[in-house]
Amino acid sequence: MGAVLLSEFATEIVVPVCAVIGIAFSLVQWLLVSRVKLNPERHSSGNSNKNGYSDYLIEEEEGLNDPSVVPKCAEIQSAISEGATSFLFTEYQYVGIFMVAFAILIFLFLGSVEGFSSKSQPCTYDKEKTCKPALATAIFSTISFLLGAITSVLSGFLGMKIATYANARTTLEARKGVGKAFIVAFRSGAVMGFLLAANGLLVLFVAINLFKLYYGDDWEGLFEAITGYGLGGSSMALFGRVGGGIYTKAADVGADLVGKVERNIPEDDPRNPAVIADNVGDNVGDIAGMGSDLFGSYAESSCAALVVASISSFGINHEFTAMLYPLLISSVGILVCLITTLFATDFFEIKAVKEIEPALKKQLIISTVLMTVGIAIVTWVGVPSSFTIYNFGDQKVVKNWQLFLCVGVGLWAGLIIGFVTEYYTSNAYSPVQDVADSCRTGAATNVIFGLALGYKSVIIPIFAIAISIFVSFSFAAMYGIAVAALGMLSTIATGLAIDAYGPISDNAGGIAEMAGMSHHIRERTDALDAAGNTTAAIGKGFAIGSAALVSLALFGAFVSRAAISTVDVLTPKVFIGLIVGAMLPYWFSAMTMKSVGSAALKMVEEVRRQFNTIPGLMEGRAKPDYATCVKISTDASIKEMIPPGALVMLTPLIVGTFFGVETLAGVLAGALVSGVQIAISASNTGGAWDNAKKYIE
């Protein structure tokens, strides 16, 4: 089969070292952000080096000598931070209960397979060998599930903390020009991106090594137990995404409907009672939710690849370096993203508003090009020149260059999805301008154009995903699809930095408005924010594309494990499953949209009540009661996130138990196919409407 150039010992060093470098880099970025002080006496510091702290930015320095601005910003920032922290703590209490309950379920289901026996059993895929008992699989799967869940929750929480730390600092830097504000916002995004990528990699690596102490040579059992890590990550992400999403949209709708439409006051005006809730929502939905979400996909794709590899030649011949190929890709990804980030913060400087979007776009291109080289090197040193991959009962011979193409096709499909998303959601291009133009004849035409834009934006991403599936499956079966998903997520640190940048800029604009800063500063933060809306849509595009590939890889693992030889669409059982599965994303979306609607209703009523009953509120003489609005959003989202979450988690259990594995295979396939379409179209329609509004303003 050919030897591997990278020794097992070297692999044991390379992976954790790359993870530690990622964590160290994020701490350095955080220190640089913390140089912007949130206390008034700050204009004495001598500005030096080119690092975003230079004197020669062409723009005039606004309001630097106004001492009242800084304490105001600090006060608003602490209100947003408190709101976000209290929401996440409340959410995590509920999610924690669910996490424990689901962990018990996993233990019971897996343990009961052999009646909780502690005797060794024949292996699933190789009956001659003996593997560790079912009880061990149950215990270790449960442990890895909890590890994944905790890492996911931690990723979201740290991201939110960093974003709320950076938002006011971005506002203060905007007084010195758009370039400095951009650097603070982007660096803060990078802190989150690198922490998440490095933590996810490190925890998985440590878990594999600890489990190995017990499992020894039984790699099939070891990596089957590790799959719990991916499940834990994505199940927490589900609640983070749904809960955070309901919170942010309810606050957004409530604040804008009453404030802008009825009372004719600007967005983020401090007189609006829902304004703090709105800014909190950006952090819990777009940052904490997105962080958990991408971590979930990242953990799942690594686990899917490891499971398939463990029953292929890598696992059978105990080739540790080749086995950890998915982790090596992620390790190189961290180094590549580190270099890429320096292009935005240190090598080039932004001097004008029109340079913001190109700078973010360059991040995607640079990281993809460098990563292609990185993947080639890893494949060359980490994988034998020829090996076999498990393919539904057979072993398929694969060459290392074919594996390189599998990862590469996923990586470039991610870039294509990113660019298509940008084209459909950025106000620099015709689709969004058409939507803006359609507003001249009223809201109805705007809705029609917006929906059409979303549906149309699905075409190219779906072809990109389809081609990457075809190429990767043809070359390396299900393992190819899993590593293609990993390729798409290999530049996760940069993707998340770009993504988290958006809500931070959005908050910065809100703080500028609430602190009563000049309209020049608001214009700068708006420019940052408009680019941020596009990058948020790009981040969602990556999450959706990678989730589609990961789901397919996991579906393949499920079909192999359940010993289904073919999923025949013509059998009624499977076809019923397909139709029901395709309906599930609509049911799920209906639940979440209804939740947002009812929460927004309560919010609108509360905001109206305050405007009508608090004397002097419109004139700015009295302060609104922000806390009540924050509480409305929190209560609504906590209560409403349980049913959609339960729908997703319980469907496979119920269908599998009552209707058998064939029907379940149909349900999973149907849900995957229809979910991708809804996700891309809804995400892009939303981004386009948001930027059409900015374009008109």
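Count begins at 1; order follows the chain as displayed.
The backbone N, Cα and C atoms fix where each Cβ goes, glycine too.
No curator has checked TrEMBL annotations; they are predicted automatically.
Residues or ranges marked as transmembrane segment by TrEMBL: 13-33, 94-113, 133-160, 181-208, 323-344, 364-381, 401-425, 446-471, 477-498, 542-564, 570-588.
Long-range contacts of the transmembrane segment (446-471) within its own chain (CB-CB distance under 8 A, at least 6 residues past either end) are made by residues 405-406, 409-410, 413, 416-417, 420-421, 424, 431-432, 434-435, 438-439, 480-481, 484, 488, 541, 544-545, 548-549, 552, 676-677, 680-685, 688-689, 692. In terms of C-beta pairs under 8 Å, the stretch of 13-33, 133-160, 181-208, 477-498, 570-588 lying closest in packing to the transmembrane segment (364-381) is 477-498. Sequence-distant neighbours of the transmembrane segment (542-564) (same chain, 6+ residues past either end, Cβ-Cβ under 8 Å): 124, 227, 230, 290, 293-294, 297-298, 300-301, 304-305, 307-308, 390, 392-393, 410, 413-414, 417-418, 461, 464-465, 468-469, 477-478, 481-482, 484-485, 488-489, 495, 661-662, 665, 668-669, 672, 676, 679-680, 683. Sequence-distant contacts of the transmembrane segment (13-33), counting only residues of its own chain at least 6 positions beyond either end whose CB sits under 8 Å from a CB of the stretch, comprise 6, 51, 162, 165-166, 169, 184, 187-188, 190-195, 197-199, 201-202, 205-206, 324, 327-328, 330-332, 334-335, 338, 341, 345, 493.
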